[in-house]
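The following features are taken from TrEMBL:
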- 22-92: domain 'NXPE C-terminal' (DOMAIN)
- 253-734: domain 'Cas1p 10 TM acyl transferase' (DOMAIN)
- 269-291: transmembrane segment (TRANSMEM)
- 355-375: transmembrane segment (TRANSMEM)
- 396-417: transmembrane segment (TRANSMEM)
- 452-468: transmembrane segment (TRANSMEM)
- 474-494: transmembrane segment (TRANSMEM)
- 506-526: transmembrane segment (TRANSMEM)
- 561-579: transmembrane segment (TRANSMEM)
- 600-617: transmembrane segment (TRANSMEM)
- 629-647: transmembrane segment (TRANSMEM)
- 659-679: transmembrane segment (TRANSMEM)
- 685-709: transmembrane segment (TRANSMEM)
- 730-750: transmembrane segment (TRANSMEM)
Amino acid sequence: FKGGDTCEYLLSSGRFLGEKVWQPHSCMMHKYKNSEAKNCLIDKHVVFIGDSRIRQLFYSFIKLINPQVREEGNKHGNIPFEDKSASIKVDFLWYPEVNGSMRQRIKSWTESSVAKPHIIVVGAATWSIKIHNGSNEALTQYKVNITSIVPLLEKLAKSSDVYWVLQDPVYEDFLSESRKMITNEKIDAYNEAAVRILNSSSRNSKAKVKVFSVSKLIAQETIMKSVDGLHLPESSRDTNAMILMNVYCNKIMKPIDGSCCQPQPPLTLIQKFAFCFFTLSIVGYLIISVIRRNNFRKNKSCADLESGEEKKPDISASNVSTLEMLLHSFCKLGLIMTYFYLCDRANLFMKENKFYTHSSFFIPIIYILVLGVFYTENTKETKVLNREQTDEWKGWMQLVILIYHISGASTFLPVYMHIRVLVAAYLFQTGYGHFSYFWMKGDFGVYRVCQVLFRLNFLVVVLCIVMDRPYQFYYFVPLVTVWFMIIYATLAIWPQIVQKKANGNCLWHFGLLLKLICLLTCIYFLSYSQGSFEKIFSFWPLSKCFELNGNVYEWWFRWKLDRYVVFHGMLFAFIYLALQKRQMISEGKGDPLFSSRVSNVLLFVSVVSFLTYSIWASSCKNKTECNELHPSVSVVQILAFILIRNIPGYVRSVYSSFFAWFGKISLELFICQYHIWLAADTKGILVLIPGYPMFNVLVSTFIFVCVAHEISQITNDLAQIVVPKDNSTLLKRLLCIAGFFSGLLLFSAMQDQSRH
């Protein structure tokens, strides 16, 4: 790498993704909205000095502030613009040649009594070529003039942002007769002269005039679409204006998806503590490993020659083993978290914007589906939604969601609506799985609750600390956590109705249905009462968990989007287990779920329902309207899939071990993608190997999957230690965890206060 200055990359290099999307080398460009542009430039004065090409850039720039601006006014004169609401002034000053007049204007700003512009954009050359008919004398004079202007620009650069715009190439075939002398050869000569003089001056000056050379690269790709061969098409100059906005505003606004020109964020107090903790864990593990190895050599078990009995090991060995396992887990986790931090918080690796094409989404989908079918095996049991089948279901859904995220397919509405169903299916499984467990086992103990909560939240809590992100940022984990607690509360609250009790008296089934109806009523009320919902989750310390950007609206939106599907999962589990208990379904190997006639009818209805939903989702025109209908209709495709997957006996008896493997680590995959596969908190793509997109995806994917698998193992190991089965020990651990979170809240409050 040439260095970490992404501003230089943004101003000098990049490529087009497709026809209109510009990708700077190594970093991500934010697309500024009018409100963001105003907030950034409030009380600022911006000046564009130059010819008609600079005037084009001026208009594109002010349209970012006010899209209603029309390109009117004297073409060969000064053009002022002012936005009084934000006190923004942007002026275009007509100086088509680098001459004494331009020098005098720039010199006037260097006077101490004059208010200096905050941003100065300068560029000119084509008029000099045209007026002097491309003569060498004009080029010599241009060098003299720019040499006299550069020291003034350097002086201004100490307090302002100064940009010298290099000349774009022309499309010579389209040039009028009066402009035929403006050739690309001449333009290159003028650009070389400007760059050489600017660079030689910058070596002797701390303040540096920034060379805006990226416009030349953009023009090389788009100038053939020019109307007159000289001026850039509108899309290209808009890109230049957006680059200029990113260069200046990213360090002020700090957009998540604008990594260009953003400095590395400073370590917070909590991050420093985390770094110390993981460092001590690594050192502690190494020390214990050395001690254990030495003790093993000294006290190696050997047979007593006289008695023939083996000597008993040291009674403290199990305790040391537990401590060693704990430190070993934290040691691995510390190294993994270092990788997370380097990928998405340090400016070590490059990041790029996503760019959606149909092929980038559908070709990988077809590829993994073929792989999944190739790895087909027989299931250990043939029940509906058995463990292998649910793992398989989670696995292929997770892989599709990953491809959806990296390809940027959220911009394509039909794909977005189908992915919404996959997220809903995860929550459906949450309702189905937890209801089935509590209904059949009747285990409402603290140990079970703590185990589930630990496995769901451990990785996210660590990432919140290491990556300095709020809990709600990883929205899916808060979602499944809250729904688990709702399911638990619904079934655990008196009267506790479980299968064993209900088998003795059928009235208990109606009691359970009454509980479910009460749950549905509460869900319905909260979904249409945003104020009540926000009041519940705005109480401290709940607000610390569910706020994002200072409010809980995002949490309410996420919860509302799939509000009924967990209930549907619970209801399906209740009906299925009731039918299973009464032996109304056949789950033998190779047997259809129902009688042949019923199975055929249900299969036909399921296929029609599945396709009908897909047709509806594919015909969606408005995301907001479709999202309103989604909570009520998503269950149609989910139930259709379950029936298609389970009614035929053969289909129910096999599963894809390939998908099931990914299903076992689906939660880790979903969370880890935020920082070590995608980048900039999912807004972009991590680039480990620049210049080779396909190879980069292969390498980053391999590391990403290995890390997710390792974290899954670490979580399982730590769950056994942190959440023991013994109630008294568990109570002590819970008190320690409560103390830990209290400290975390305290430090978080201190951080917030210092930031403000």
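Using N, Cα and C of the backbone, Cβ positions are placed for all residues, glycine too.
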Beyond the flanks of the transmembrane segment (269-291) by at least 6 residues, Cβ under 8 Å: 320, 323-324, 327-328, 330-331, 333-335, 337-338, 465-466, 468, 744, 747-748, 750-751
Helix, strand and coil totals (DSSP H, G, I; E, B; other) for the domain 'NXPE C-terminal' (22-92): 22 helix, 19 strand, 30 coil
Positions on the same chain near the transmembrane segment (659-679), where near means CB under 8 A and six or more residues out: 28, 259, 339-340, 343-344, 349, 351-352, 372, 375, 388, 390-399, 401-402, 405-406, 455-456, 459-460, 463, 467, 474, 476-477, 685-687, 700-701, 703-705, 707-709, 711-712, 715
Overall pLDDT of the domain 'Cas1p 10 TM acyl transferase' (253-734), taken as the mean: 92
Contact call for the transmembrane segment (474-494) and the transmembrane segment (561-579): at least 3 Cβ pairs under 8 Å, seq gap 6+: yes
Sequence-remote partners of the transmembrane segment (506-526) [C-beta within less than 8 Å, at least six residues beyond its ends]: 486, 490-491, 493, 495, 497, 532-533, 536, 563-564, 567, 570-571, 574, 578
Residue numbers, six or more beyond the limits of the transmembrane segment (452-468), whose CB comes under 8 Å of its CB atoms: 265, 268, 270-271, 274, 333, 337, 340-341, 344-345, 434, 474, 477, 480-481, 484, 667-668, 671-672, 674-675, 711, 715-716, 718-719, 722-723, 744
